[in-house]
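Enquirer: Mind looking over this structure? Questions follow.
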Amino acid sequence: MLREFSFYDVPPAHVPPVSEPLEIACYSLSRDRELLLDDSKLSYYYPPPLFSDLNTGFPNRFHPPKSDPDPISIVKDVLMTKGIQMNSSFLTWRGLITKIMCAPLDPRNHWETYLVMDPTSGIIMMEERTRSETSYANQDRMCYWGYKFEAISTLPEIWDACSRDQIEQRDNQDVVPDEQYCSIVKINIGKSKLILAGEVDCIWDKKPCSAKESDVHSDDGTIEEDASNAENPNLHYVELKTSKKYPLENYGMRKKLLKYWAQSFLLGIGRIIIGFRDDNGILIEMKELFTHQIPKMLRPYFKPNDWTPNRLLVVLEHALEWIKQTVKQHPPSTEFTLSYTGGSKLVLRQII
């Protein structure tokens, strides 16, 4: 079985209703990939010194991330352990939905994900089994620049609880990407209910008291927000990025900002902080953006046929509905691949 979905076959439409992403659980991963059912690896933002050298510590203090992606069963296990029932169409990683949403921006990109409907819950679970990243010159060092920027922009505790040494010695610490804090959110996009998990780089101030997990699932299995006792922490979270700086007239810069927006939008992250660097990896400028302001900031630069945030959301809504309806035509536990090999189409194949 093979089915295709073309971005350009999606008719113009109003933007689908999208709910605010609500955190329903979180977890941490140690540098040894031990699963911790808490927020112990949540980092706190603290501005790095300008003109920091992002090469410092490479490669001697760099502990590269493990090569294989995490299975989505980790997230399922966290929710089950915490007693949070899942009432959704999809359970997957934020990054994979970002790939689907932003595929029209990358007509030369290639990736593949795996899907299966859980026979018990009926949820479509989606994951990567191998990393599908395009290689390029100087890749290891440039990836390190991003990890290093995160390391020198964060503290293990809120700043007034840290020692002077912890603040001033950030440039000398090991860079360990496998140590992570992850947020699990529920979000509705059109008729599709999703539970998404994604890494959070840091928090702007202090994590507010979120809903007790015992308060967010009802007798009928749906997840509910207890608004009287909870504040959604996701608006306090920060996404950290590094980039060369180009004017917004540059299509590549607009495309990059659209991806930053999509990635943070899907997890409900409130701020994006970009460290602009030169060709040698020197941090030359910092820019703080509120996620919701990026579409408005880009609007004057869009041309008639450009992929705008609204247009990407319409395509995502249709793609999710297409995946749901196609998978439901087959028995539960049937496995599929969803692939993109460039151009204008997603391809869904049944694994025989």
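Quick reminder: no glycine exception, Cβ is built from N, Cα and C everywhere.
In case it helps, Swiss-Prot gives these features for our protein:
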BINDING   R33, W93, R94, G95, C182, E199, K241, Q263  substrate binding site
BINDING   E150, D201, E239, L240  divalent metal cation binding site
MOD_RES   S218  phosphoserine
Enquirer: Can you tell me how many other Cβ atoms are located within 10 Å of the Cβ belonging to E150 (divalent metal cation binding site)?
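Expert: I get 18 for this one.
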Enquirer: Could you tell me the C-alpha distance between Q263 (substrate binding site) and D201 (divalent metal cation binding site) in angstrom, no decimals?
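Expert: Between the alpha carbons of Q263 (substrate binding site) and D201 (divalent metal cation binding site) there are 12 Å.
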Enquirer: Specify the nearest of the binding-site residues R94, G95, E199 to E239 (divalent metal cation binding site), where nearness means the distance between Cα atoms.
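Expert: Closest by Cα distance to E239 (divalent metal cation binding site) among the binding-site residues R94, G95, E199: E199.
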Enquirer: Give me the long-range Cβ neighbours of E199 (substrate binding site): same chain, 6+ apart, Cβ under 8 Å, in sequence order.
Expert: Q180, Y181, C182
Enquirer: Under 8 Å Cβ-Cβ from R33 (substrate binding site), six or more apart in the same chain: what's there?
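Expert: Once residues fewer than 6 apart are set aside, R33 (substrate binding site) is near K66, D178.
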Enquirer: Can you tell me how far the Cα of K241 (substrate binding site) sits from the Cα of E150 (divalent metal cation binding site), in Å?
Expert: 8
Enquirer: Measure from the CA atom of D201 (divalent metal cation binding site) to the CA atom of W93 (substrate binding site) and give the result in Å, rounded to a whole number.
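Expert: Roughly 15 Å, rounded to the nearest whole number.
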Enquirer: Can you check which residues sit near R94 (substrate binding site), meaning Cβ under 8 Å from its Cβ, same chain, 6 or more apart in sequence, and list them in order?
Expert: V185, L196, A197, G198, Q263, L266, L267
Enquirer: Taking the Cβ of D201 (divalent metal cation binding site) as reference, which residues of that chain separated by at least 6 in sequence fall under 8 Å from it?
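Expert: In sequence order, S43, E150, S153, T154, Y237, V238, E239, L240 meet the Cβ cut-off.
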Enquirer: Within 8 Å of the centroid of the Cβ atoms of E150, D201, E239, L240, which other residues of that chain place their own Cβ, given that this set defines the recorded divalent metal cation site?
Expert: F149, S153, T154, V200, C202, V238, K241, I273
Enquirer: If you draw a 10 Å sphere around the Cβ of C182 (substrate binding site), how many other Cβ atoms fall inside it, taking every protein chain shown into account?
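Expert: A 10 Å sphere around the Cβ of C182 (substrate binding site) contains 24 other Cβ atoms.
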Enquirer: Would you work out the biggest C-alpha to C-alpha distance among R33, W93, R94, G95, C182, E199, K241, Q263, the residues that bind substrate according to the record, and give it in angstrom as a whole number?
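Expert: The widest Cα-Cα gap among those binding residues is 23 Å.
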Enquirer: Enumerate same-chain residues with a sequence separation of six or more from G95 (substrate binding site) and a Cβ-Cβ distance below 8 A; give 'none' if the list is empty.
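Expert: When sequence neighbours closer than 6 are ignored, G95 (substrate binding site) has G198, Q263 within Cβ distance under 8 Å.
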